[in-house]
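What follows is a set of notes on a single structure, which appears directly below.
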Amino acid sequence: MLAKRIIPCLDIHNGQVIKGMQFRNHKVIGDIVPMAQRYAKEGADELVFYDITASSEGRVVDKSWIARVAEVIDIPFCVAGGIKSVAQAGEVISFGADKISINSPALNDPYLISRLADRFGVQCIVASIDTWYDIQLDRYQVNQYTGDENRTKVTNWQTLDWVQEVQKLGAGEIVLNMMNQDGVCRGYDLQQLRLVRQTCHVPLIASGGAGTMQHFQEALINAEVDGVLAASVFHKNIINILELKKFLAREGVEIRLC
């Protein structure tokens, strides 16, 4: 059995790490490189960096900080932010990123996923999906341009359909960003994760809602995800990564201990 992954998420804006709640009201948390170093030392298995306004602003993620991060950490990291071509992805990888995450650009150009997978291999291509549960319609909808609350829009894709589509196109991993739970710290949406798990045959990463160590355990065991991504509990020092891993190991989760 492959070890489960603990993945801190760093949302980037104007060269700094920020964090909001339900993808809104973002506040500055700290500087990129020191935070990346801290999480690597604490025992993170991987890091994810989202330049959250790159797509909505029509630009590509700033690559200068990518090189600085690559110099100071020795764990894999994934980068997202306005990547719309093989050439742009190649530049990000050349600066040190191990994986490319595609979100809004893939909704405009789904075959971008295929072109990237053909060039770099499916193991390098992550489909990041921002999913919102619409209570009135009683369904999960994919959202786009979520880094800017004034430009966020609901797409025509229902989440489960898009999960199936990105796999067909060549995504080697899926990160499910559950917007209703984001920053609330009340637990992952286990019902949605179970539904997605049934149709997801590549590694599935849960994102949005972690507030306690038990929340990580529930997602890993009850929803059978391959990894758990979180931000607030790590940024605010509510949970230490090494202590979290020790707890999960005691609970029977296959996990890498440093």
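Placed from the backbone N, Cα and C atoms, the Cβ positions cover glycine too.
Features as listed in Swiss-Prot:
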ACT_SITE  D11  active site
ACT_SITE  D130  active site
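Each residue contributes its Cα atom, and for D130 (active site) and D11 (active site) those atoms are 14 Å apart. When Cβ neighbours within 10 Å are tallied across all protein chains shown, the highest count among the active-site residues D11, D130 belongs to D130.
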